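Asks: To start, I am sharing the structure in question, which I have written as structure tokens.
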Amino acid sequence: MKKGDVKKVVLAYSGGLDTSIILRWLQDEYDCEVVTFTADIGQGEELEPARQKAEMMGIKEIYIEDLREEFVRDYVFPMFRANTLYEGVYLLGTSIARPLIGKRLVEIAEATGADAVSHGATGKGNDQVRFELTAYALKPDIKIIAPWRTWDLHSRTKLIEYAMRHQIPVPKDKHGEAPYSMDANLLHISYEGKALENPWTEPSEDMFRLTVSPEAAPDKAQYIEVDFERGDAVAIDGEKLTPAALLAKLNEIGGRHGVGRLDLVENRYVGMKSRGVYETPGGTILQVAHRAVESLTLDREVMHLRDELMPRYAKLIYNGFWFAPERLMLQAAIDQTQQTVTGTARLKLYKGNVSVVGRKAAKSLYRMDYVTFEEDTVYDQHDAEGFIKLNALRLRLGKMARDS
């Protein structure tokens, strides 16, 4: 695209140095009007400075929105109904935030008459894919500007020089290279790059912001109860909470006990491996509690089938296909499994660990009168003989055929 191709663009704007440089670059490169959009998804930053900075740079249309409840209710909770893990360990804290931001970019573009959207994701990572797949799925004719793929500002020195040349304030801590990049929302904080690029190097303890070191966690365990209704958490220790408030409280409780740290090397959609370190205290507790309630309330075959689908579902979210028809199809099936998942999990938190110590449900499939080791009157053990012989029939016939 060149000057004149774009009249108005909506920029995903954090107020930080990089997106402020992008803002000015868009104005210079395309001679277009820029609308800024800043989302509060629980990153824990004051957002008013983003407004002030945008105003200082001449922006007239500024959108700053609190999306925390929508983020947890419509994105995090649906994902957690599947006990979703990417590559067996990652709770997808970054991946699940991108569809909501991308959706609002498109909606604001439509509301303001903008013909393009722009983001600050680099050309090496997954986020560019997630933002753009979302935008194209919701508005096929949208134009997308990804500055990191087109400009020549590929070093910190060049970025700083550009900022100073255009009177963009440069915080003192931005003059040097940051030891790592950080992304935060209500579900997690992720750390990548620089000091973490060597996968053999242990992260510095002072990097972590949500969790204490397990060694420094309290010497006394804490017990909590989490209530679920139809697969979604609704209360902690009997206190009803909104989705965002519930996750925030679990973050605080889990962080205090060193719960939810993860260090992994993952396979990016763009083809390379990357090392990331994550803090997901509330999400870790939520998943363990959810699985505990499911153990009482989900039919065996339903649970096993859902668990077989989960890796594909996780891959779709990781790769940016939240609004794809196959994800929506899987979501409908997952949501159907959760109609009976109502109950309570009791958990023990101690020095980085989350242990299930109790679970209950009004409509539990667990029957003590059937599983007791004491004498019972409801289960005829003679029935097992025919069950075993029928299941063994093909094994016996196979052996007989091989021996003949």
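The first residue you see is number 1, and the count goes up from there.
Cβ coordinates come from backbone N, Cα and C, glycine included.
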Asks: Based on Swiss-Prot, name the residue from GLU107, GLU110, GLU266 that is recorded for the same L-citrulline site as TYR90, SER95, ASN126, ARG130, SER181, SER190, TYR278.
Replies: GLU266
Asks: Pick from GLY120, GLY123, GLY125, GLY193: which one does Swiss-Prot list with ALA12, TYR13, SER14, GLY15, GLY16, LEU17, ASP18, THR19, SER20, ALA39 for the same ATP site?
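Replies: Looking at GLY120, GLY123, GLY125, GLY193, the one Swiss-Prot places in the ATP site next to ALA12, TYR13, SER14, GLY15, GLY16, LEU17, ASP18, THR19, SER20, ALA39 is GLY120.
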Asks: Starting from the Cβ of ASP127 (L-aspartate binding site), draw a 10 Å sphere and report how many other Cβ atoms land inside it.
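Replies: Within a 10 Å radius of the Cβ of ASP127 (L-aspartate binding site) lie 21 other Cβ atoms.
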Asks: Which residues does SER190 (L-citrulline binding site) neighbour through Cβ under 8 Å, counting only same-chain ones at least six apart?
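Replies: Non-local contacts for SER190 (L-citrulline binding site): GLY93, THR94, MET182, ASP183, ALA184, GLY276, VAL277, TYR278.
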Asks: Consider the binding-site residues SER95, ASN126, ASP127, ARG130, GLU266 and say which one has the Cα lying nearest the Cα of GLY16 (ATP binding site).
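Replies: Ranked by Cα distance from GLY16 (ATP binding site), first place goes to ASP127.
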Asks: Looking only at TYR90, TYR278, which of these binding-site residues has the biggest number of Cβ atoms within 10 Å around its Cβ?
Replies: TYR278
Asks: Which one, from the binding-site residues GLY16, GLY120, has the smallest tally of other C-beta atoms lying within 10 Å of its C-beta?
Replies: GLY16
Asks: Taking just the CA atoms, what is the gap between GLU266 (L-citrulline binding site) and ASP127 (L-aspartate binding site) in Å?
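Replies: For GLU266 (L-citrulline binding site) versus ASP127 (L-aspartate binding site), the Cα atoms are 14 Å apart.
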